[in-house]
Amino acid sequence: MQANSQFKTVALVGRSNTPGIGEPLTALATCIEKLGFEIAFEAETAQEIGVSRWPALQPAEIGARADVAIVLGGDGTMLGIGRQLAPYKTPLIGINHGRLGFITDIPFSDMREIIPQMLSGSFEREERSLLESRIMRDGQPIYHALAFNDVVVNRSGFSGMAELRVSVDGRFMYNQRSDGLIVATPTGSTAYALSSQGPILHPQLQGLVLVPIAPHALSNRPIVIPDDSKVSIQIISGRDVNVNFDMQSFTALELNDTIDVRRSRHTVPFLHPVGYSYYATLRKKLHWNEYPSHEDDPDD
């Protein structure tokens with residue numbers, strides 16, 4: 001371990017079902033090991049790429065034993081391991097090996113240069129908030145889940161609109177007929193919420209955003225509320241209504257079920273390279289400051 005590093009054990013997590021990911025992961029592990037750090041692999045990653053040289057740990061073991069986890073994958077990989085490691089406050093470093101990469105911000109081509117710098121202490125730390133959700137049926141909790149991006153109540157593709165009764169901190173907000181409702185963290189504001197015309201929330205903003213999905217009334221607009229609010233969504237009518245968490249787990253709902261959503265007591269520490277800018281990420285990923293060429297306009 002480098003003398004000025006606060007880390008000793010580094011866990012590596014890879015994107016599942018990704019051909020060719022084994023070689024860059026093992027090369028990165030070898031590089032980090034040569035710097036004096038202990039290496040461990042997330043168990044599913046180790047099994048998938050056939051690694052036996054280093055210990056294979058379940059997420060709970062990573063939380064207990066590793067000082068930092070490096071994720072090589074897309075945003076979905078980061079969301080999944082982030083939820084599992086949240087109770088342990090294990091910092092995450094994200095290397096983009098997916099498509100968009102809002103939260104895996106280190107370019108794949110730069111990882112061999114940037115990761116050693118970060119492990120030696122050259123990084124910027126940021127805490128990201130989570131949501132916790134509870135589904136109530138007949139007065140009893142039937143399901144609990146964490147969400148990094150969002151909790152989404154929506155209808156199936158072949159059913160009509162759902163009617164949802166929405167309350168905040170016990171105060172009635174509205175009955176909404178729509179295809180569903182998104183409750184998103186600032187991190188999730190650039191995910192499904194953004195494609196449903198929701199606002200972008202800076203990750204350090206202490207807020208949640210409620211975004212209707214294709215509402216019947218055009219006056220049903222997104223609203224930003226304090227992140228210490230409790231949001232309750234009751235199913236008034238509709239068939240085949242579901243709730244999903246980060247689009248990675250879901251459960252079917254029945255009439256009169258209530259979904260309670262609030263900020264989790266857990267946060268997820270993100271580590272970024274020095275000089276990281278959220279605005280630069282938005283500019284790059286959303287192609288701000290890019291204008292169509294006149295050569296591409298047939299009417300010009």
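Numbering starts at 1 and runs along the chain as it is shown here.
Heads up, the Cβ atoms here are built off N, Cα and C, so glycines get one too.
In the record from Swiss-Prot, residues Asp75, Gly76, Asn149, Asp150, Arg177, Asp179, Thr190, Ala191, Tyr192, Ala193, Leu194, Ser195, Gln248 bind NAD(+); the candidate from Ala60, Ala64, Ala86, Ala214 listed for the same site is Ala214. Tyr192 (NAD(+) binding site) sits 13 Å from Asp75 (active site, proton acceptor), taking the CA atoms of both as reference points.
Between Thr190 (NAD(+) binding site) and Asp75 (active site, proton acceptor), the C-alpha separation comes to 11 Å. Residue density at Leu194 (NAD(+) binding site): 19 other Cβ atoms are found within 10 A of its Cβ, drawing on all protein chains shown.
A strand conformation is recorded for Arg177 (NAD(+) binding site) in the three-state DSSP classification. Compared over the recorded positions Asp75, Asn149, Tyr192, Ala214, the count of CB atoms lying within 10 A of a residue's CB peaks at Asn149. Straight-line distance linking the Cα atoms of Ala214 (NAD(+) binding site) and Asp75 (active site, proton acceptor), rounded to a whole number, equals 25 Å.
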